[in-house]
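A short write-up of the structure that comes next.
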Amino acid sequence: MKKIGVLAIQGAVDEHIQMIESAGALAFKVKHSSDLDGLDGLVLPGGESTTMRKIMKRYDLMEPIRAFASEGKAIFGTCAGLVLLSKEIEGGEESLGLIEATAIRNGFGRQKESFEAELNVEAFGEPAFEAIFIRAPYLIEPSNEVAVLATVENRIVAAKQANILVTAFHPELTNDNRWMNYFLEKMV
């Protein structure tokens with residue numbers, strides 16, 4: 001059975017754990033670099049990316065997560081996870097640099113501009129995925145190595161590159177497990 005960690009420093013950790021378990025994998029909370037040992041994949045949940053980065057640096061998680069990815073292990077970042085995984089963050093904040101694109105934080109606006117949207121995802125077919133966007137980022141300037149999986153208003157809101165999957169929205173806040181299934185079946 002696949003073992004998936006969830007970075008447990010902020011965000012919808014329990015919701016990701018429930019989604020992982022409902023998709024048939026084992027879920028574990030990751031708070032220290034040693035917690036990455038033996039995992040097949042890792043989820044970076046939403047939250048506030050600047051705060052998450054500061055906590056990750058304080059607990060010396062940045063380099064171990066980069067090493068985890070360089071071993072070919074899969075990482076799925078949602079919302080702030082997308083921001084942290086991007087090669088660059090608009091404004092120059094440090095990132096993990098694991099997907100070749102630039103993240104625009106709060107790209108759709110602040111909390112009051114949060115919204116839901118139907119996404120047509122070719123890999124899923126019908127019905128459309130009902131995505132929840134909360135202070136959502138998006139990606140710009142992807143390299144040719146990045147596959148765009150979904151857009152809203154011509155803005156990239158889901159993408160993958162090699163073993164890295166990112167969404168600007170929160171699939172863990174829905175009852176639709178297709179993104180986690182995709183991660184487990186195609187990436188891990």
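Placement of Cβ uses the backbone N, Cα and C atoms for every residue, glycine included.
Keep in mind it's a predicted model, so treat the numbers as computed, not measured.
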Of R105, R155, residue recorded by Swiss-Prot at the L-glutamine site of G47, E48, S49, I134, R135: R105
Which active-site residues sit within 10 Å of E48 (L-glutamine binding site) - Cα, from C79, H170, E172: C79
Within 10 angstroms of R105 (L-glutamine binding site), Cα basis - active-site residues out of C79, H170, E172: C79
Whole-number Å value for how far R135 (L-glutamine binding site) lies from H170 (active site, charge relay system) (Cα to Cα): 11
C-alpha spacing of C79 (active site, nucleophile) relative to I134 (L-glutamine binding site), in angstrom: 8
Assigned element (helix, strand, coil) containing S49 (L-glutamine binding site), judged by DSSP: helix
Set of same-chain residues at least 6 away whose C-beta sits under 8 angstroms from S49 (L-glutamine binding site): A80, V83, L84, I89, E93, R105, P137
